[in-house]
Each structure stands twice: as structure tokens, then as C-alpha cells.
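Listed in TrEMBL for this protein:
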type	residues	note
COMPBIAS	880-904	compositional bias 'Acidic residues'
DOMAIN	704-859	domain 'U3 small nucleolar RNA-associated protein 13 C-terminal'
REGION	392-411	region 'Disordered'
REGION	864-904	region 'Disordered'
REPEAT	118-151	repeat 'WD'
REPEAT	160-196	repeat 'WD'
REPEAT	210-244	repeat 'WD'
REPEAT	406-437	repeat 'WD'
REPEAT	450-498	repeat 'WD'
REPEAT	509-542	repeat 'WD'
REPEAT	565-606	repeat 'WD'
REPEAT	607-650	repeat 'WD'
Amino acid sequence: MPQASSSSSSAPPPKRTKYDELGAIEPFYTGSGSTSLTRSGRYLFTALDNEVLCSDVEDGAGRVIGRLEPDGEEISSISVTPNGSHVCITTRAASCTLYIYAINSFAPFTASRTRSQARAHDAPVAISHVDSTGSLLATGSADGIVKMWDIHGGFVTHVLRGHGGIVSAIAFAIVAQRSRLFTSSVDGRIRVWDLNDRPKQGAQKPIATLGGHMSVVRGLSVSVSGKRLISGSRDKTICTWEMNARGAWALKETIAASEGVEACGFVGEDEEDVFYTGGTSSQVRLWSFRSGSVVRQQPAAPALSGAGHDDEGEGELQGVVGVHQSETALVSLHADSRMIWRSPIDLARQRQLVGFNDEAVDSALLGNHLAVATNSSAIRIYPLPALGGSEQQPGSVSLLPSEPSQPGHTENVLSIDASASGNLLVSGSKDRTARIWAPRDGEWRCIAVAEGHAECVGAVGFSRKVWPDEELPRFLVTASQDRTVKVWDLSPLANATSSPLRLRSLVTLRVHDKAINSLEVAPNDSLLVTGSQDRTAKVFKLAYSPPSKANSQTASAKLSPLATLKGHKRGVWSVAFSPVDPAILTTSGDRTAKLWSLRDFACVKTFEGHSHSVLKGRFLQGSKGTQIVTAGADGLVKLWNVRDEECTTTMEASEDRIWSVSSFGSGEGLAVAGADGHLRYYNDVTEQAQLEELKEREKGVEREQHYENLLAVHDYRGAILICLAEGQPKRLLNLFTKVAASKRARDVTTSLMDLALADDNAAAPEDITGVDEALATLPASHLGQLLKYIRAWNASSRTAGVAQGILHCLLRSYSADELLDAGGDEALDALIAYSERHYARAERMLIESAVLDYVVNLMGGSGEEGEAVTNGNGAHASEDGEGMDEDDESSDGEASELDSMDED
């Protein structure tokens, strides 16, 4: 069992109560759609739904720095000028509009629309391309028409007709002031156009039509001299063309590419002989134009024997869909959303990005890196952002396996776990295997495979105890949807070779009635806990014997059921051992997390607060088991204090489910992986928040003292401005009420109503005069805010008198235009409606009072017993006090009516 910490005298762990977002890795490329790269290779423009995203990809950061949304329709093509001065965008809208933006700045990103040309084509634009000078744009549509545009002028220079289908590729050749355009379409033909020779009448015709492909041509490139042309097609061929002495184009050679070619282009110092190709095999290759053979190819690792890789299927999913050439690299874009920077000389990989993580299902910490399992057979490894304001940027990513040809999972990865030392990673997959990964020669490689489960491997976990002089964990536990748990011996890893080892299962035990969602090994390796869809978590005693002379160098293991934790009403999604106390944390689909004691296996704490299933729960690193963090299907991450079950902070971390949350850096940082494809990082700012709260409290005390000082010297203007600046309507109302009460000893409401109706020339007390002067010199912003307060006060009968008095003062001090400009038009309707109601009520009271006076006078003149007298307040009373009772009763009725008005 986990034991309590022996260092009881150590300082208590910090209580973290607030996290702020530190950064995020968001989707910017999904493996399809138009893309464009500046010549410097730093800024990449990609299409994501109806937006164009500009990302800074320097050093592999992949940070989205800007967004453009032309008309809300899906983006069909993007072309950026080589120097990044303009970007041209077309969408699939029915209007077929061409948008041209001038990029003002990249830091921060700002762009202004300079041209918007409606009906640029009669059919949707399929492709666009900018020439090397950045002044001409060619667009090709689905009806086979190609148009040339002047980017700066925004007008059409050429209309080229001749293709019988969708235009699929475009290339410029500008040599010695001679401009030519090469286009191709789905008919497999290439047409050459002379842009300098424009006919005086009729449509322009191509100077050459080249036929050499049987399918759609996807790649075209012209050499620097303009005398050599290469074309690549989906018919798995590459054609090389050469201009003869007469200026005519002739087919030099047709090369079998053994893959559907999606991109090709000349590369190298002279750009005359070496060219690249990329296609469905997911590889970039370098060819020689002269010999027609491959001169350089990506290194291919041997496939794992019996791994079941489907090369053709993998190629379709991971194939190259485009290649961009920057000043220093070839950037290949893959269908699985990868972007790989390679040297144009030897194709060595320089860096790699993943544009879309899809749905992240699990994550694990690997030292200062985070491994993420997504809806893919490959595992992503991201560097964690540095805490404390460092300039390190997250986003540069490694993949496991690093190359599609290397051994790896053949289906989606469902779960991952890292060893205690962070030097090993294990993954479980739908392919019914678990694989162990370790760094080899600068990249992560698969070193072992565990096969034996009959269904998907949904949970994996290494042994946690770190033994002296041992860097590797001793055993591995896997759980599957076949409802079994297996323990695997890892002692052979000490002698691991370049080929993945086959692990041996030590014990297999059926432990649940439904699929197993999670498992974890205790910190001392003596217990195992599993969570299942059968609504239970089960605890097992785990005994492992390493190879030794006593057991003939054969490891063994034993699992013994210890307890079943029942209490959840839905399936258990995650389990975790406390790092300090003998306790287990479970989370469930019943929207709760529970803490269980390992002494009597009873539930001791229940954490409620999520509105949907709680999918992950972990003890916060560095908290010594005093705080936990949970993530749910409601997109929320919550931090809890274990002692009082209090939620200290809630973060809206995703627009979809959150399957994984990990704490790093002793709990200062959180990494959240959600189903929305975002990877978000959070930084603990508890100390800063407490300091800001303390400073704000001190400022509040200073402001309070300053306010009291202003009142003491009758500086009402300053006091009123402080209340308005700090947004304190209650204090402002008390100020006006206090000043009005100092004038008369009667009811405040009556006093201010009398003041509002009094003669403007009547003498006013000093306090009221000071307030009037303050109200008459308010700034426009504060005047508008005061009108809003008056509107609210006027809606209540208790404060209507104050509101009417202030409003009367404002109407005397400001013109109608000044009040309307300050925001009076917003409050006008409410002020009129409630004012009419209040004055109607006052009029009714006056009429009723007059009737009452008339009746009392009649009663006094009738000679009845008890002569009617008038008291000092003007109310009539008989000698026996009955009149006084009637007046009190009338007052109670009026008070009731005022309360009713206030409720209205």
C-alpha cells in the first residue's frame, strides 16, 4: 500500500487556486485543402473550413498568428506572393469571387482587402498560382478556363480557353522578358501559352499541346532556363520534356514512378537537372533529369515481421498531397496532417509539424515532453512549454513511429503511459497489441511488442517503483475490452536490440464483466486497481518476482482479488492512486469523482460539480495528495481540495470532451488534451492572484479613506466622480440621500420630490448647492453612466424621489442634445414610463388627502362629541385619538402601495 510521507515536518504543499492559459496548439492543417508558403519558409497559409489561417512555422512552432474569412464559404484556393506582400483567395461561393489582400504586417498579423472581384469565373476556381515576381496570378476553374490577373491592379490580363475539364496544375516560366504559362487538366494534356503574344481578335490559342499522360496531371515545373519541363500524374508516371533548337517541345522520357505523383519541381543550385517528386507512397524522392533515375530517397526502416502493415492502405492515409519549396528546405504536406521539412540535398528531416491532432484520447508525461494519443496509429510527442515567462514555444512535434515504414501500430492508439523515470513509453491500440517505445539514436523507436489480447488494449501501465541501479520498470500491466488483465515481464528489455522483442505474459486474469477503461499500479508496486464499464473499480494484490537463481532466471507474477469498490452509478472512466495516502481516486460517467480508503475500501469523499461524465482524474503533482484535478465531457477542468471537497477553480478548456489532463512542473502547469483537436497549457498564477487581491484590497482602503475625506470637506464633485469611476451606484445613492437628508428633517423622498418641484429661484441649502454644481460639470462618459443609475433608481418607489431630484438637476444643467449624446436615449423610455407612474401615484395621494380633509372638516362641524383638532403635522385627530388611528392606517396603506410599486 502507499504509505504516508515520513517527512511530516516538511513544509505543507502550496494550495493552488488559479490557472491562466499559457498557450495552445490549435488545428491549422487537416491534410487537405489549399496551402501556400512564403519563399522564406516562415509563414504558411492554409485553408481550414471557411477561414484562411496564417501560421508562423519558424523553428517548428506552428503558431496561428492571423485569420482571414472572405465570405463565410469554403476556401478553394490560396496563393501568396513569394515575398509575402499579398495573398489571393478564392472560395466555393456561387459568386466565384476573387479576394486579394495586402499583408501589412506579420507581427502582429494585419491584412487589408485591396480587391474583391465578383464573377471571377463562371465555375468554382480549382487552383491558383503566383509567378516568381509576385505581380501575376493565374486561376484555373472547373470549366477548364484559365485567367491571368494583375495582382496590384486587380484586372484580367488574359483569358485562356482550351482545356476540357478541371484545371489541375499551373506553372510559370519567365525567361528574358518572355513569359509563358503551362497548364494541365484532368484530360492529361499540358498546354503551353505565350503570354507576350496576345491576338488582336478572337481567343488566344496555346502554342503547344503536350500529351503524355493517361490521367490527371498534378505536378508541373519548368527549369530556370525555361527549356526543360517535368510533369507528374496520378497514372504513376513522370514525363520529362525538352525544348529543341526550333523552340518546339518534345517528350524526352516517360518514367515509371510506381506511385501516383501529386507534386514535382526542379530543385538544386542550378535547378536544371535534379527534381523532386512526392506522391501516394508518402516519400519525397530526388531524380536526375538527364538519367531519369532516382538519385536520393528517404531512408526506409525494415518493417516489423508480422506487424500486418498494409503498405497501400498506409500510403493512401499518409501520402504526400503537396510539396512547397522554400529557400532552405522542401516542405512535404501529408494526408495525415503532417508537415515535414527536409534538406533539398540529402532529404534529411529537419523538423516536423502536425497540423491537426483530431480527438486526443490520452496523454503521458515524458520528462519535459508530453506524449499524446489521438485518433491515429501514430503518437505525438510535444515539448512542454517552459514555465516562468521563457520564450520557448510549444509545437515542434515528434511522431512514433518517426517514419511510416518503421514498426508501429496499425490501428488507432487508445491509451499510453510513461515509466517513472520517463525513459520508456507504452501504448495500447485497437490492433490488440501494446508496444514499448524508447529513444534510440535521437528518435523514439519501438523496442518491444506485447501480443495476446483478444480485443482492443484500452489501458496500460508500467510498474511505478524505482529500484536502485535499475533504470527500467520491472513489469507492464495491460487491460483489454476482452475483460482480462495481463502482466508482462520487462526484464528482457535490458538486452533489447534493434528489432522489437516479443514480451512474455506472466499472468492473465478475467477481472470485470464489461470492458476495462483504466488501470494503475500502486507507487510501491504491491497493488493494482482497475476501472470498468460495469460501474465498479477492483483492487488486486500484485506480487512480482524478478528473474533470479531461486526461480531459474524466470520471472513470475500473481494477481489476487482484494476488494471491489461499488458506489458509482455509471461506468468508471479513470482510476489513480494517491502518491502519499492510502487512497484511490475514481471518476465515472455519473458525473462524480470519489475517493476511497485502502484501509476499509469505503468511499470517504465525493466530488460533485461536473455536468457530464468525469473522464479523467489525477492527483496534482507536488500537492502531496491534497489536491486533485478532474476533466469531463462538459469541456471543463476542475481543481479540488481533497480535505473539504471544495472546487477551487474551474477552467473552460475545450469546446468538446476532455479525455486527458496532466500536471507538470510540480503542479505549476497543466496540459489539457480535448476532442476538439486543441492542446492547451495552463500556468499556476495563484501567487500573482493573491498579490493582486492584496493590492486591490489596499487600494480599496485608500479609496474609502479618500472618499470619506472628500465628504468631510464637502467636495461632492470628487466624491461623485469616485463613485462613478469605480462603478458604485449604491454608495452614490447613499451620498445623494445623505445630502438631501441634511436639508430637511422630513422623509427623504418627500424632500427631493419637493426640491424637484420647487421654484428654481428658491434658496437652496449649501449641501444641495454643492451637489448641483458637481452634477452640472460631469464628463460625458460619467454623465451617461449616471443616467443609467437614475433609470434603475427611478424604477423603485423607495428611491424614485432621489432619482427625480437628480434628474431635475440634470435637466436644468444640460441641454437635450447633451443628454442624448451621453446616452440619455437609452434611458429615456424607462424614465418616462416610471416617472408618469410615480406622478400619477402622487396625484392620487393628493386627491385622497383632500377628500380626507373634507370629510374630517365635515365631522368636526357636525357637533359630534370630541371636537376635531389638527395636530402639528397637519393631520386631523379627535380628542379620543380615533383620527390619529385613521391617519396611521392610511400611512400603512400608502407604505404597502410603495412596496408594491418597488416590486413592480
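Positions of Cβ are set from backbone N, Cα and C atoms, glycine also.
TrEMBL: automatically predicted annotations, no manual curation.
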DSSP helix/strand/coil residue counts for the repeat 'WD' (509-542): 0 helix, 21 strand, 13 coil
The repeat 'WD' (607-650) touching the repeat 'WD' (450-498) per 3+ Cβ pairs under 8 Å rule: no
Helix, strand and coil residues within the repeat 'WD' (210-244) as assigned by DSSP: 0 helix, 21 strand, 14 coil
The repeat 'WD' (160-196) - residue tally per DSSP class, helix then strand then coil: 0 helix, 24 strand, 13 coil
